[in-house]
Amino acid sequence: MLIFLIGFMGSGKTTLGKPLAARLGYRFIDLDKAIEEGEGSTVGEIFAVRGEAHFRTLEHKYLQDIVSHGGDLVVSTGGGTPCFGGNMELMNASGVTVYFKLSPAMLADRLSAAKVCRPLLAGKSPEELLRYIVDTLAVREAYYGRANVVVANPSRDVAKLVAILGPYLSRS
Ligand SMILES: Nc1ncnc2c1ncn2[C@@H]1O[C@H](COP(=O)(O)OP(=O)(O)OP(=O)(O)O)[C@@H](O)[C@H]1O
Ligand SMILES: O=C(O)C1=C[C@@H](O)[C@@H](O)[C@H](O)C1
Ligand SMILES: [Mg+2]
């Protein structure tokens, strides 16, 4: 069974994916990290040197590769993954998609501390950051909203997440 964690930058996909996988006895893959390891460059470097379109091509290729191998796996996707290249359809056809839904204000709070690592947020003032999140989320909700499961404000206590996902896991 493949479980895909989706949601905006800062929603906690990477942070919660690893303990969720451990709890379920599944393998864990962070898509951004898989791309970085496979390409030998950081996401920031790929954006800077080759541009976002190239990153999206890589992101789709690495996702297809993960799907083709299958298995019991939690995949923490990148914030933009569902919104490009038919990736949302691919994930919904191959496993369970779980949307971590947070308000723009909560995302801005989390991201203002760490925005240097995220090329799409680099150099933004707090006001610009919040505006970017509101505007981008408005577009991305159309993709995120197609998830099989929506989890509002996911807690660090992954037992809660396991309980929410239980009915979906027993179907496999
Ligand atoms: N449930 C939570 N409660 C409080 N803070 C959290 C929670 N989950 C994650 N965080 C914090 O929010 C920040 C962003 O989390 P994380 O890197 O996991 O997001 P992400 O969804 O993987 O983002 P990206 O799409 O950019 O990869 C981190 O500083 C993390 O410690
Ligand atoms: O929201 C996005 O478009 C992104 C999120 C990150 O996980 C990375 O995949 C990259 O920084 C782009
Ligand atoms: Mg992440």
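Placed from the backbone N, Cα and C atoms, the Cβ positions cover glycine too.
Record note: TrEMBL gives ARG56, GLY79, ARG140 as substrate-binding, and the candidate from ASP30, ASP32, ASP157 in that site is ASP32. Close to ligand 1, meaning a Cβ under 6 Å from one of its atoms, are these of the binding-site residues SER11, ARG56, ARG140: SER11. Here the binding residues for substrate are ASP32, ARG56, GLY79, ARG140. Their largest Cα to Cα distance works out to 18 Å. Taking a Cβ distance under 6 Å to any atom of ligand 2 as the criterion, the binding-site residues GLY10, THR14, THR15, ARG140 reduce to none. The number of other CB atoms found within 10 A of the CB of THR15 (ATP binding site), across every protein chain shown, is 17.
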